[in-house]
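**Q** Structure incoming, see below.
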Amino acid sequence: MKNLSKRVLSGLVLFSLLVLIIYAVSSIDSKIGAYAISLITLVIFWEFYQFFEKKIIGLIFLLSAIMSIILIPNANNPNIIFYLIIISCLIWALMSIRIIIFDNPKMNSIELFVLGYLLIYPAFISATFIYVNWSPSILLLIILGVSIADTSAYFVGKKLGKTQLLPNTSPGKTLEGLIGACVITPIFIALIAFFLDYQFIGFFIFGLILTPISFIGDIVFSYVKRSRHKKDSSNLIPGHGGFIDLLDGTIAVLTFFWMFALYPTGRIGEIIYENFLIYLI
């Protein structure tokens, strides 16, 4: 109970800080918020660096990440970014299939290097683009949605969880918790939209899609941590561990959101805009 209270309190404090950054700072200058996103991403890369047993490979990884953040690709030339996002989404999907089928956390340093870079960096690009070019509200909704999914899965799993999904990768994950999150999250987000007089169907669908993607982010990073015999990515956040532990689901959702919403085509793009994005931009 003490750990739970610490987890909830630190989560509320961090969420309040994120709201402050997203709204208060953006009203002054969006570049300040972009710098804050860059700083958080650097911390995430530093935490990931700690997973490397061969520190020379880890150092190359960290330096590559820093250079990539400094030399972020120009969003006006979207082709390179788009293919990077596509590759990242494929890796997320393939890793989740690998984990579900084998549930055997093993990974060498080269796999770790490629995985860390191609999962974290595209999410950074997506978050920065959303914040600077679209609306901070979208970023806030993604973070809020993932928080609802995580919290509902945690409490439903604690209360009703009996069926372990991945005993070796993430022993705390249960089928009942995942189902609970898939039910509660879209309803909660749709209710928020309803009370704000938005098109709640679009937000319901958003919550429905967000939940399993958030779960993928959670199990992939759990797999990485277990393969390095670590429970948490760091101890920076009381009750949570590190920023990777707090934002694992958000990292996955940001990447998929870019592909589905920021690069929509044809009628699908129109539907996403008319029923969801128009209320947040």
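The backbone N, Cα and C atoms fix where each Cβ goes, glycine too.
According to TrEMBL, the protein carries these features:
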- 7-26: transmembrane segment (TRANSMEM)
- 32-49: transmembrane segment (TRANSMEM)
- 56-74: transmembrane segment (TRANSMEM)
- 80-100: transmembrane segment (TRANSMEM)
- 112-132: transmembrane segment (TRANSMEM)
- 138-156: transmembrane segment (TRANSMEM)
- 177-195: transmembrane segment (TRANSMEM)
- 201-221: transmembrane segment (TRANSMEM)
- 242-263: transmembrane segment (TRANSMEM)
**Q** How about the transmembrane segment (32-49) with the transmembrane segment (138-156) - do they touch, taking at least 3 C-beta pairs under 8 Å (6 or more apart in sequence) as contact?
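**A** Checked: the transmembrane segment (32-49) vs the transmembrane segment (138-156), no contact.
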**Q** So, taking each listed stretch (56-74, 80-100, 112-132, 242-263) in turn and counting its Cβ pairs to the transmembrane segment (201-221) that are under 8 angstroms, which one gives the highest count?
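**A** Counting Cβ pairs under 8 Å, the winner is 242-263.
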**Q** For the transmembrane segment (242-263) and the transmembrane segment (56-74), decide whether they are in contact, meaning at least 3 CB pairs lie under 8 A, counting pairs 6 or more apart in sequence.
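**A** Per Cβ check, the transmembrane segment (242-263) does not touch the transmembrane segment (56-74).
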**Q** So if I exclude everything within five residues of the ends of the transmembrane segment (56-74), which remaining residues of that chain have a CB under 8 angstroms from its CBs? That is, six or more out.
**A** 38, 41-42, 45-46, 48-50, 80-81, 109-110, 112-113, 116-117, 120-121, 124-125, 128
**Q** Are there residues at least six beyond either end of the transmembrane segment (112-132) with Cβ under 8 Å to its Cβ atoms? List them, or say none.
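**A** For the transmembrane segment (112-132), the far contacts come to 22, 26, 30-31, 33-34, 37-38, 41, 44-45, 48, 51-52, 57, 60-61, 64-65, 68-69, 72-73, 75, 81, 84-85, 87-88, 91-92, 95, 138-139, 220, 224, 227-228, 250-252, 254-255, 257-258, 262.
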